[in-house]
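The domain 'EGF-like' annotation in TrEMBL covers 80-112. What TrEMBL lists as disulfide bond is CYS84-CYS94, CYS102-CYS111.
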Amino acid sequence: SCGCRCSGVCSGSCGCCGCSSGRSCGTEFCKIHPSDFFEEHYIWIPCIVPVCTSGCQHGGTCTAPDTCTCASGWSDDTCDSAVCTNDCQNGGQCTAPDTCTCAVGWSGATCTLG
């Protein structure tokens, strides 16, 4: 729904920031005016501020509602799963980008040395 939280940050698409006096919305930015008398003191804030309810981990960025864009080496909905270019073998787990944690009795970059 269209609107503006009373902090002046627009939720959803802009067009109706009617929280209180001194706040109005343009097409892409919410205009917060601390004083109704001085145009030069307007502060512009992006209207659409996406929220990722579970957060984005490991340097991921919330780029749309509940959508993270992950940093290199991380994946899944919240960027909490490490990516290993070569699969970890013999029960090893990918615990950081290109880092396997090997099961007992195995070693090596991909847990193939036993």
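A Cβ is built for glycine as well, from the same backbone N, Cα and C atoms used for every other residue.
Annotated features, which come from TrEMBL, shown on the structure.
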residue	record	Cβ within 10 Å
CYS84	disulfide bond	18
CYS94	disulfide bond	19
CYS102	disulfide bond	20
CYS111	disulfide bond	20
DSSP three-state assignment for CYS102 (disulfide bond): coil
Cα-to-Cα gap, CYS94 (disulfide bond) vs CYS102 (disulfide bond), nearest whole Å: 9
DSSP three-state assignment for CYS84 (disulfide bond): coil
Mean of the pLDDT scores, which run from 0 to 100, over the domain 'EGF-like' (80-112): 97
